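The structure under discussion appears below in the form of structure tokens.
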Amino acid sequence: MAAQQFDFGMIGLGVMGRNLLLNMADHGFKVIGFDKDEQKTTAFEKAATTGTTVKGVSNLKAMTDGLSLPRRIMMLVPAGKPVDDVIESLLPLVQPGDIIIDGGNSHYTDTLRRVQYLAEKGIHFMGVGVSGGEQGARTGPSIMPGGDQEAYPHVQPMLEAISAKFKGEPCVAHLGKGAAGHYVKMVHNGIEYAIMQLICEAYDLLHRGAGLSNDELHQTFDAWNKGELQSFLIEITAAIFKQKDDKTNNYLVDMILDKAGAKGTGKWTSQDAMDIGVPIPTIDMAVTMRNISALKSERTNSAALFAHSITPVTTDKATFVQQVHDALFFGILISYTQGLAMLHRASTELDMQIPMPSVVRVWRAGCIIRSTLLDLFTNIYDQNPQLENLLLDKQIANMLKGKEAGMRAVAATAVTNRFPAGALLNALTYFDAYTSAQLPINLLQAQRDYFGAHTYQRIDQPGSFHTEWNQ
């Protein structure tokens, strides 16, 4: 192998790493991949398109020696200690000016620590969020790089080439300082949690509530995907309702246990939102519902104890389907609103300098939360990049006003008929609270001052006040 001939190196040739590298090779870049598992390096080479320059190695030094300078090395390994271990194994093999990229779902605080640690050694480190799943990695993901601005031009041509395109525009952009790339990906995943939970609640209301069959659900979601709800998650939901189980010939969705798994990024979003003081209750509830779903045996025992049952919906079916459509649209829009408000706050609170117009741009194609709404958000943030919350925009306000009646009807039905529709209800509560000029928190402040002397502010004069309440 001739020395220093490859443009880009990848550590970890699992499905995501392999597909990203093959995608890059298809765009004319010479790529080399490392994996300790020789079966993976062989499979990587065999999967390459004829005429592309790819090589798989199981010796890390062979990979680093084969890269042109500055070395561009991405790792796609499990978050946590494995990332640190890879960095330590690379340090003797790289030199100042080289670029190391973490393309996994690392927690942003770890990324920030690594940025600082490697900067002291003259090594550029970038945290890069990648969304789109294994198919997106092969054909065009949404890519969210952040960190070293000096390093970005060296990897920009590769990332732009392999990214998804929206009307010809690459779905990749430098998204801010430090750990901004991984932070944006974390919030992306939080929004993803919320939208998925909202869709599940809509499914429950339509299926157990209104009695729609899987075939009717397929037709309904397929029709919705041709309108204002158009999105990747609605599209795949429609497809799921068609899938038959090859073991029983029943619909596969009916054979799947109602017990969810999670990788942790939704939880991270909720935790950090609490830390920086941004309310994201729909995302929080989506995380909570996964946790509740995991308590399958407890839920089964509790259901027998309370003998609760879902009450069928008596509203005209067509009317109810439209109400659920409107409620789902309302909830999805609120989910984006909460996540984007969190990014706006983090941009200043954590000094990440996140360019909001760029965030919504890179989400328009390739990623899991891509939808027709992202094009609207792009126009809104282009006009007002410092917008604190989408609920302050007139276009968004008008859209929500048109869906509010349906949302309230569905919320009332869910409560009355015992549907666990926490994400929908939390979206509505957030909307009602955020759009309320007066909240009953004056009483809460009085309580805090009563037992803890925490003081309060008055509506008629500035300053902080304390009252001896028991006198």
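Just so it is clear, glycine is given a Cβ too, placed from its N, Cα and C backbone atoms.
Keep in mind that what you see is a predicted model, and the values were worked out from it rather than measured.
Pulled from TrEMBL, these are the features on record:
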type     : residues                                                                               : note
BINDING  : ASN105, SER131, GLY132, GLY133, HIS188, ASN189, TYR193, LYS263, ARG290, ARG448, HIS454 : substrate binding site
DOMAIN   : 181-470                                                                                : domain '6-phosphogluconate dehydrogenase C-terminal'
ACT_SITE : LYS185                                                                                 : active site, proton acceptor
ACT_SITE : GLU192                                                                                 : active site, proton donor
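Counted over every protein chain shown, other Cβ atoms within 10 Å are most numerous around LYS185 among the recorded positions LYS185, HIS188, ARG290, HIS454. For the pair LYS185 (active site, proton acceptor) and ASN105 (substrate binding site), the C-alpha distance works out to 8 angstrom. Per-residue pLDDT, averaged along the domain '6-phosphogluconate dehydrogenase C-terminal' (181-470), amounts to 96 for this model. Each of the recorded positions ASN105, GLY132, GLU192, TYR193 was scored by the number of other CB atoms within 10 Å of its CB, and the largest score is that of TYR193.
Here the residue listed as 'active site, proton donor' is positioned 12 angstrom away from GLY132 (substrate binding site), judged by their C-alpha atoms. Pairwise Cα distances among ASN105, SER131, GLY132, GLY133, HIS188, ASN189, TYR193, LYS263, ARG290, ARG448, HIS454, the recorded substrate-binding residues, top out at 49 Å. Look at ASN105 (substrate binding site): DSSP puts it in coil.
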